[in-house]
Amino acid sequence: MIRVLIVDDSPFIRIALRKVLSSAPDIEVVGEASNGEEAIRLTEALKPDVVTLDINMPVMDGLEALGEIVKRCPTCRVLMVSALTKEGARETIEALDRGALDFITKPSDYKDLFAFREEIIGKVRAVYQSGLRKVKEAPPPPRRRVRGEFTRPPVIAVGISTGGPQTLNYVLSRLPEDFPSPILIAIHMPDTFTATFARHLDALCRLPVKEAQEGEVIEGGRVYVSKGRVHMTLRGNPERATVRYVEDDRYLYKPSADLLLSSCAEVFRSDTVGVVMTGMGNDGSRGIVEVKKAGGVTVAEDPRSAILWAMPENAIKTGCVDYVVPKEELPGLFLKLVSGVRS
């Protein structure tokens, strides 16, 4: 059983979350708290597996409580419960920096909450699994020797989900300002969060980072974060590739890593690097196959270093991944790959 502590100053939210989480056969709600101080005390006493933590509360807010919870109960996984606002986005991104693993957006009423039942239960299960080691863990495939030349600085297309903010903070902040390739990112976030997250990355990185806009021409040495709740694709040709957002309900996740990687491969062909990092589910696996078919290079974060291993592990299972490297080696690999451009 996954033991969950619910922390929120709203009785409505506590009752609603309890009903939703208790409906799952593998989840047990072991306690409730209405402020940060109660949360710290109950976390120490109950040792829950997962804490759902509100941000704006009396006595002590969630950001302050988060630091104490992570310090006093390092085995607890924290899932933030955030308002679907720009201010809520800023606070949530800060919470992810401080040790929270993921977040859910706060429902406005019972109807909204039960519509997101599967997402809420899925994320509780996902952050719980992030703290577990598999009994049997297949070693990553050997790194293959791939061609070392591109006709131009390749486009780097990244699919990422749970644990993504922390991983991208690490990887992108270690790339130099003269990095020649454009980097496009599909991260599973609500549309009210992606612009805030892009600004957060921009403040950390030497490369400029922005939320990609419809019709924008992508340029080398820039990072583009997809808007949420919609799919980012590329149109045009390698000399002038533009961003096009599309609606496509065939893809479970919005934005879809599969669709981003596939469209990059369609436009840039062999001058594409497809990357799948931490996250739950299998988004990106089909995209990896398409990049490989186009003659591009494919990369997966080593599942053993990922905050959540499912996305990179499923990509590896396709048999189409060229490089499997831990997070710490991704910046160096990117530099190695983009250095192989024919003059």
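Including glycine, each Cβ sits where the backbone N, Cα and C put it.
It should be emphasised that the depicted structure is a prediction, and the values quoted were computed from it without experimental measurement.
The feature domain 'Response regulatory' is assigned by TrEMBL to 3-121.
Other Cβ atoms within 10 Å of the Cβ of Asp54 (4-aspartylphosphate) number 26 in total over all chains. A strand conformation is recorded for Asp54 (4-aspartylphosphate) in the three-state DSSP classification. For Asp54, the entry in TrEMBL reads 4-aspartylphosphate.
Summarising the annotation, TrEMBL assigns domain 'CheB-type methylesterase' to 149-341.
The active site annotation in TrEMBL covers Ser161 (among others). When Cβ atoms from all protein chains are considered, those within 10 Å of Ser161 (active site) total 25, not counting its own.
Within the same chain, the residues at least 6 positions away from His188 (active site) whose Cβ sits under 8 Å from its Cβ are Ile160, Ser161, Thr162, Gly164, Gly228, Tyr253, Lys254, Pro255, Gly279, Asp283, listed in sequence order. The active site feature in TrEMBL is assigned to His188 (among others).
Taken from TrEMBL, the feature active site applies to Asp283 (among others). DSSP assigns Asp283 (active site) to coil in the three-state reduction, outside any helix or strand. For Asp283 (active site), the Cβ neighbour count at a 10 Å cut-off comes to 29, with all displayed protein chains included.
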In three-state DSSP terms, the structure that His188 (active site) belongs to: coil
